[in-house]
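Taking it in order: structure first as structure tokens, then the write-up.
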Amino acid sequence: MEIVELHAKSIKQQADLIAAMWKERRNSTNPPDQMFDDSAVPNKIWCPWKGDCTQLLNQRGQMTLEMDQKVSLPFELHMSISEDSTNKTYVIHFSISKYSATIYKTKHGIITTINTTTDEDFLLHDGDGKYWLSIDYANLFVKYGQGEVRDRCTLVRSDVPEDEKDFLRSIQYAHISFNKSRNVAELKRFEKDVRLKVGRKPVVYDPALIVVPSDDLSINNVQQHTAISIKELNNNCQQLYYNVINWKFQDDEFPHLYEAIEHSIKSETGWCRKRLTEKANRFGQPNLLATYLRITVGQNRGTSPGVPYVLEIWPPGHYSPIHSHANSYGIIRVLHGKINVKLYRTLNLKKKKPIHETEIYEKQVTWLSPGLNQIHKLENTSSNKSCITIQAYQYGTDETSNYEYFDYIDNSGTCIKQFDPLSDMDYFAFKNLMMEEWKKSH
């Protein structure tokens, strides 16, 4: 027992030390490193109600605009080379309603439709919705998507002719209208239901899911987008990564921990099996496979949804519901086995088809941040081996609202509910229990 308590202090001291180092770094006067998610995901708030319906863009010819709605509101974006919204020299237009979504252009006063669709999945839908438009003069495209701002969420891509590259590069103003109106007074009632953000980068490709040390990043990783250096991620992800990357849960003190967990899952008298059975209705209709164990390290400090460090145990065939992560930063490291990850464009009862699926193997690490990789389903697809992961989460800046729950689609697939990320047991009590079970059976 003393050894376990000593190990507990050691891990806590590591976490506190690294957290202090990162806090000092954030407060230093040195400029921050260039980070993938800060530059790629729109993060500059544009509030037409506090100014006007025209926004000067920081970067000409390359940008992404994100419209986050709580109510369904038709809108039009007009990406222009002029501050004058009536100027017709060169404008890329995007219009969306419940009936159509259209990309068109005005060139020297002549209007030409580039792309239009009446596909129901591409249109404005009832309730919450996130819509985005991305322009890139370098790659000569205009993209429209829904959900997370990433290439896999692109719904319509329109290529721009080479002879219009200079025009596209000159775009530096965004004009917006709602229901074809630019009257700010009339639109004031929508202020709390609509959030508009501007980003400096276009949506060119999807970010890699696997995180590696910068020394391990290969030229093939960069070319094929199969891995991302930890140094490219936000400081919050970096802190979580360095906090947990060297934690050892199976060591000389108890080299049979993972075997003991497997035994506890299979044994009728095992604590793991009993606890999983008790949780069969945790996400709605009773379903034993829709369960996993949450073994927490430390306490809830108010900096994350629940306790920031969680050892999750996934028996063969078990899975989570489709769920979101409260717009938090996160790191997931696979300690034992493998985990299947399915990503989704949005948490929506009508949009449950994944946009991407991959396996994360033992010793690999994946990540999430506000606006990226937030909505997923985890599943252990192995038929005979459990998966064990260590997951770390924390909120970002003060601008991010500290929502304390993970929203999920319940087992019936008909409701979105709140999941309070409670602990099944403290890690060090759990480890001691596994040691006792192991001794009794061996």
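Any Cβ shown, glycine's included, is placed from N, Cα and C.
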* **Annotated companion of H323, H325 at the Fe cation site, TrEMBL, chosen from H263, H356, H376** => H376
* **Beyond the site residues H323, H325, H376: chain residues whose C-beta lies within 8 Å of the centroid, for Fe cation** => S320, I322, S324, L368, Q374, I375, K377, F406, Y408
* Asked: Within 10 Å of the Cβ of H376 (Fe cation binding site), how many other Cβ atoms can be counted across all chains shown?
  -> 22
